[in-house]
Amino acid sequence: MTRLAFGAPSTRRTPLLGALAFVVPTLRSTRTTPLLGALAVGLAIVAVPAATTVTLSPDNLAVLLRLGAACAAVGLVFLFDDPAKPTTATAPAPAWRGLALRALAATAAAALWWTAAVIVTVTGAEAGNADNLPLRGLALEAATFAALAVTAAVVAWRFTPRGVVSPAAAPAVLAAVAALAFVPRAAAVFVPVASPGWDAAHLRLGFLLAACLAAAIIAATLPPTVRRPPPRRSR
């Protein structure tokens, strides 16, 4: 049996230290300033009307929550900007681990933002109009916006050699949300609160959410595109 010399440092790394060695640098490299700015603007969209004495209908409150959630979703894509991709993508560790960690951070940020937005909306609503808000359905809409953002960012990361995804993913999220807003009435996903088509619209949103998550998972497991430096010419 081989014994370690007394006082010799062990070279074995515990799983916790190994995880921290991966998680901490990844989170430190994320771009949080654009995210915080987008979350602040999204929260202001619901907070400014809530701070006034204007009476807003449940439909008005729902529209404000949708606009705020769309703004927050745009901010999520900045978490996936990864200028170090040309070096990290060729590392032995699978690339999907970094994407999964960034997606987890995006999920946490979206959940915290949604909680704050709902509290502000319900607290500031006049005449008890917040009591008629279908918060579950609106939460599904916000989750779909976040899923669109994550999917756009992961796909852009997959095909962007330099790893900076926000220039492509942020406009894609805005375009997707705008396209959903102009879907024909028969297949609409954004309907008035008291509309008889509310349940059907959110069933379609549920399918869209599932499709986004599936697309993100597939894109995350594909080999990434990396831009390699040109070979040096011999003199």
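Cβ from N, Cα, C; glycine included.
TrEMBL annotations:
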TRANSMEM  35-55  transmembrane segment
TRANSMEM  61-80  transmembrane segment
TRANSMEM  101-122  transmembrane segment
TRANSMEM  142-160  transmembrane segment
TRANSMEM  172-193  transmembrane segment
TRANSMEM  205-226  transmembrane segment
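Among residues of the same chain six or more beyond the transmembrane segment (61-80), those with a C-beta under 8 A of the stretch's C-beta atoms are 30-32, 34-39, 41-43, 45-46, 49, 99, 102, 105-106, 109-110, 113-114, 117-118, 121, 125, 129-130, 133-134, 138, 141-142, 145-146, 148-150, 152-154, 156-157, 165-166, 169-170, 173-174, 177, 190, 192-193. With a cut-off of 8 Å between Cβ atoms, the residues of this chain six or more beyond the transmembrane segment (35-55) that come close are 64-65, 67-72, 74-76, 78-79, 109, 113, 116-117, 120-121, 123-127, 129.
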